[in-house]
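Student: Positions annotated as domain 'MacB-like periplasmic core' by TrEMBL: B:19-141. According to TrEMBL, the transmembrane segment annotation covers B:21-40, B:327-352, B:372-398, B:435-461. What TrEMBL lists as domain 'ABC3 transporter permease C-terminal' is B:332-459.
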Amino acid sequence: MIKLNQINKIFSDKHQSFHCLKDLNLEVKQGEFTVIAGPSGSGKSTLLNIIGLLDKPSSGSYEFDGQNVAKLNNNQLADIRREKIGFVFQAYNLMPVLTALENTEMIMEFCNVDKKVRRQRAMETLEAVGLGEFKNRFPAQLSGGQQQRVAVARAIAAQPLLVVADEPTANLDSHSTESLLDLMQSLNQELGVTFLFSSHDPRVIDRAHRVVHLQDGQIVKDVCTNNNDQQVAV
Amino acid sequence: MGLYIRLAWRNLLRNKKRSSVTALGITLGIGFCITTLAIMDGLSHDLITGTTQGQVGHIQVHEQDYLAKRQLQQTIENNSQVVAELRELSSVKAAAARLYSFGYLSKGNKSIGVSLLGVEPEHERQVTSLAEQIIDGSFLSQPTPWPKGQALSEEQLALDEQLTEQAIANAFAELDGLDTTSSELQSHTNELIDTLAPLPFSLPNVILGVKLAKNLQANVGDEITLLFETAQGAQQSLDLQVAGISRQGTDLIDRTRMIFHIQDLQKLLQLPNQSHEIAISTIDLNKVDLAQQVISDVLAASYPKLSVQTWSQLRPDILALIQSNQALMGTLVFIIFLIAGVGVMNAMLVSVMERRKELSLLKALGLKGPNVVWLVTIETLVLTFVASIAGLVMGVVLGSYLQKYGWDISQFGEFSLAGVGMTSALKAKLTLNNLFIPVIVMFVIALLAALYPAFSAARLLPAQGMRAS
C-alpha cells in the first residue's frame, strides 16, 4: 500500500539546509500495525508527514495505494488525505468548537456523506471507542485520554485505508495508553485498517507487528515482531 | 455548508469581545450610513419640493428671450388662451400665470424698492405653496373691481395734442431757466389719464413679504403707496391696501416681494391679458421631462415664440447642489465603510493567526485551500450578517425618528440653501435604497476585507502548521 523509494527530505532556508531523510526506502502492506521508532530528531515525524501526504519529499518516489503521489498538487493530495487517510496527533488536535460527535463526523461531512449515514457511523464509532455517552461534550470537557479516543474515532469513522498516528500516546498516562492501544489494535484486527505510528514509547513498540528504527534520517533496523502471529523477518 | 456555518458561528462566539467590537463597528457604520443617506435624501427632497412648490413649479413657460433679459415688454400674449390650452393637457395638473415688475413702495416717511409679482390666486394654490406662506391676514382672492377706460373724444384728443405741445414748450423753457409751473396743465393731463385708465373703485389688495412689512412698519389693513412704471414707460403711483403678510423663508424674497392679483398688476402695468411666466405643476414630478416634451410640442405649433423649461433647467444650481451633496455624502459613507472594513480585516486576520493550528489541522484532514478561504469568508459573512441586522434596526429607528420629527436646526437661525427656504427641522427620508445600499456595500467591503486573511489561511501548509503548533 505504501512504497517509498529513495526518499530525501531537505529543509533549507537562506542560511542553512538540513538533510532530514536520506535515500529512504520503505514498504508497508495493507493491514500492518507498524511503528516507526527512533530518538528525537531522527526524522520520524517528517517521514510520517510524507507518508500521510502532509508534506512532499525533496526527491524520490512515493506510491500510495497504487498511485504515484510525489508529483500531485496540494488539492489532489488533500483529496487523498480526506478519503483514504486518518490522522491521530500527539496533541489530539480536535476542533475545540465542535462536540465529540461533530468532531467524529467532520471528515465524513467534508466527504459529503449523507447526514443520516454519517451521524449513525459517527455514533457507532464513538460507542466503539467507549465515548458514546460523551458525544455532546466539547473537547475542553474531556480528559486527555478521552480526547485522544475522539481523535481515533475521527480518524477511523470515515473508514480510511491508513491511519497515521504521530506519537499518539505521548501525552497520555499509562492506563489511557493501554486502553488506546487496545482500541487501535482491535480496530486493526477487526477492520483491517493499516496503522502507522511514530513513537519511542516502549508500550507502543511492544504492541507493534513491525518496528522500523530510524536514526539520522535513515532506516537502521526493520523488525517484524511475533505479535499477531507474525514472524521476525529482519 | 452546515458545518462551515456552524464552525463560523461558534468561532465568532469563542471570542465574544473581539467579535462584538467588530460587529459594533459594522453596526454603527451601517446605522449611521442609513441615517446619513436618509437625511441626504430628505434634504434633496426638501430642496426639490422647496424649489418646485416654493415658486418655480415643475415646468415654466416664457417668451423665448425673457429669462435672458427679463424686460417688462417680453410677455406671453393671449395669456388666458395659452393657459387654458395648457390646463387641458393630461400631464398638467395645474397652470398659473404670473406677471413681474418693479416699483417703489412707501408708507409714511419710509420708502423701499420692491419686486412686484402678479398671480392667479386660485391656480397658484395648486402649483405652489405661496398661499400657505401667509402668516398674517389672508391670501388674495378676487381682483379689484376696476372701471373700464374710455377712448378719448375728438375734443379730448385735440386737448391732448395741445397739452403735449405745451409740455414740450415748457421743457425747453425750463432749459432756459424760466419758471413753467402750471397746475392747469397737470390737472388737464390727469383728467385725460382718468378717462383712459381710471383708478380702481377700491384699493387693490397686496401681500407683503414679512421683512418688507417690518421695514415699512406696515400691518394688515394699512394703506401703502406704490410708484411704478407702466409698460409704455409712464410713471404712476397708486394707493394699495395690505391684505396679508407672507414668510417664504428666503431673506431676499421676504425683504422685497409684493404680491398682486395678476389682473390688478395687468391693469397697473397696462399689459392686458399678458403674463411673463406660466408655472405648471405636472401629474408626476418624476416624469417632468416627458411632460416638458408634450408641452413644447403643443405650444410649438401655435406659439413658436414661447419656450418651456423644467425646474432643473431653471434652477441648475439646485440640481448641482443636490449632486454635490450626494457626492460629499458618498465620500463620507465610503470613509465610514473603509474604517469598518479595516476593522473587519484586522479582526479576521488576528482570528486566523490565532487559529493557525486549527486551520492547518483542517487542511491536514483534507480540506482544500479554496474550502479554507470559504470557511474564513463565511465567518466574515456571518459576522457581517448579524451586525447588518443590528445596523438595519439602528438605521430604521434613527431614520424613522428623523423622518417623523426631523432634526431641529432652528437654533442656527433661518436656513436657506441656494435661495430655497428650508424648514427649521431637517427631515430624513427613508427609502429601500437607503436601507439596502449600505448593507450591500458593507457586505462587499467585508468580503474584500476577508480575502487577505482567508488567503493567508489557505496558504498554510498542513505539515508546517502542525509543526508550529
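Counting starts with 1 at the first residue shown.
Using N, Cα and C of the backbone, Cβ positions are placed for all residues, glycine too.
Computed from a predicted structure; not experimentally measured.
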Student: Let me spell it out: take the transmembrane segment (B:21-40), skip the flanking residues so only those 6+ beyond its ends count, and list any with a Cβ under 8 Å from a Cβ in it.
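Tutor: Contacts of the transmembrane segment (B:21-40) (Cβ under 8 Å, skipping residues fewer than 6 from its ends): 325-326, 329, 332-333, 336-337, 339-340, 343-344, 347, 383-384, 386-388, 390-396, 398-399, 402-403, 407, 426, 428-431, 433-435, 437-439, 441-442, 446.
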Student: Can you tell me how the residues of the domain 'ABC3 transporter permease C-terminal' (B:332-459) break down into helix, strand and coil by DSSP?
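Tutor: So the counts come to 98 helix, 8 strand, 22 coil.
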Student: Would you report the average pLDDT that the model assigns to the domain 'MacB-like periplasmic core' (B:19-141)?
Tutor: 91
